[in-house]
Amino acid sequence: MKNKEILLVPGPTPVADEIYEALAMETRGHTDPRFVAIYKRAIENTKKLFNTDGEVFIIAGSGTLAMEMAIVNTVAEGEKLLVISHGYFGDRFIPLGEAFGIEVDVLQAEWGRRADIAAVKEKLATGGYKAVTVTHADTSTGVAADLEALIPLIKEAGALAIVDGVVATAALQEDMGKAYGGNEKYKIDIVLTGSQKAIGVPPGLAIIAFSQQALAAREALGKVRAYYADIKNWRPIMENPASYFATPPVNLIYAYDKALEMVLAEGMERREQRHLSYGRSVRAALRTYGMMPLADETVAAPTLSCILYPEGIDDAKFRGSLAARGIIVAGSLAHLAGKAFRIGHMGNTKEEQLAEAIMIIGEALQEQGVNADIQEAVKVFNETLKESKAAL
Ligand SMILES: *Cc1c(COP(=O)(O)O)cnc(C)c1O
């Protein structure tokens, strides 16, 4: 492995050797047919990943650019956007929409919980929403949204359904061809994501898929307040990657193409199951140390967990002690800063790496006087992994 540390922050995630090798291939001109063929394949495979008959856009930027593209290309100044937020990243759509003069309404779930479905219904019944955003998994709280319940409500209300998949894509299925509730009209319109989370590529790509309905919404807007983020400027490039609008990040696209090949080879069904069992097993092991996840198991994201510290644990000391042993986790955001840490368990992270993290977390807890039974925790990790694999 090229990786010297185990990077378990909720993105970026460990980069597999094959992906590093792809990244390090010779940089070619962006119109070189050898690069164009790879870009084309990455575009086609992204369409397969999302199962869309619409268009996908793969450009230099981060997940936040993809969020901006979703909004600016569908909702005009003065139109209404509803934000269903499960935390910090859901909330990011509020200033984003406001920056474009959009009228933003928000439904904020208590951190660690899902938005109340009755409240969503009530809000949507007030009418007039052009689009609704749902954060598939929120990286601040480790809560996953219930798309089965939300997509039909959003579509029933006549709004575009925008799914932020930044910490979900390639771990949780985001099938844009799926008719939610068996209704052909109830489909996801936009999925947006970034390269550095469950896809397992270094940061730097904004990736977004538009359904035919979302593409039509862009057409109906005429001019939008964007240039680089205007999908109309990128559409000709996605249709013919040999043409030019702005230079694509050639090496990142090599890496992304390789990562997608790995995702499609594993298959999204198996990949989702693997992530579900990772999440359950990591949390079960940490519970044996008296470390409680913020989110209940019924709503917990399979890709990352927000874990509350037991009484008396010093956050900086804990994470510093992990880092000294090569395990990198993240602190928590907003009111949870210092009270919880966040651990990613997604993408190309291996079971062995997670087991090692469980051991080292036990050692860090012991340093702070917690009576952590490391053997028991690793046993629970392995058993839960086995059980959840069998059950899934
Ligand atoms: C990380 C993340 C983002 C922001 O992505 P950047 O690449 O940091 O711009 C947005 N939404 C979610 C759910 C995320 O996890």
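Placed from the backbone N, Cα and C atoms, the Cβ positions cover glycine too.
Each residue in the domain 'Aminotransferase class V' (27-329) has a pLDDT score, and their mean in this model is 98. Annotated domain 'Aminotransferase class V' per TrEMBL: 27-329, in sequence order.
The DSSP secondary structure for Lys197 (N6-(pyridoxal phosphate)lysine) is coil. Note: Lys197 (N6-(pyridoxal phosphate)lysine) has non-local neighbours Pro10, Gly11, Pro12, Thr13, Gly63, Thr139, Val166, Val167, Ala168, Thr169, Thr303, Gly344, Met346, Gly347, i.e. same-chain residues 6+ apart with C-beta under 8 A of its own C-beta. Among the features that TrEMBL reports, N6-(pyridoxal phosphate)lysine is placed at Lys197.
What TrEMBL lists as substrate binding site is Arg342. DSSP classifies Arg342 (substrate binding site) as strand under the three-state reduction.
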Applying a 10 Å Cβ distance cut-off over all chains shown, what neighbour count does Arg342 (substrate binding site) have?
22
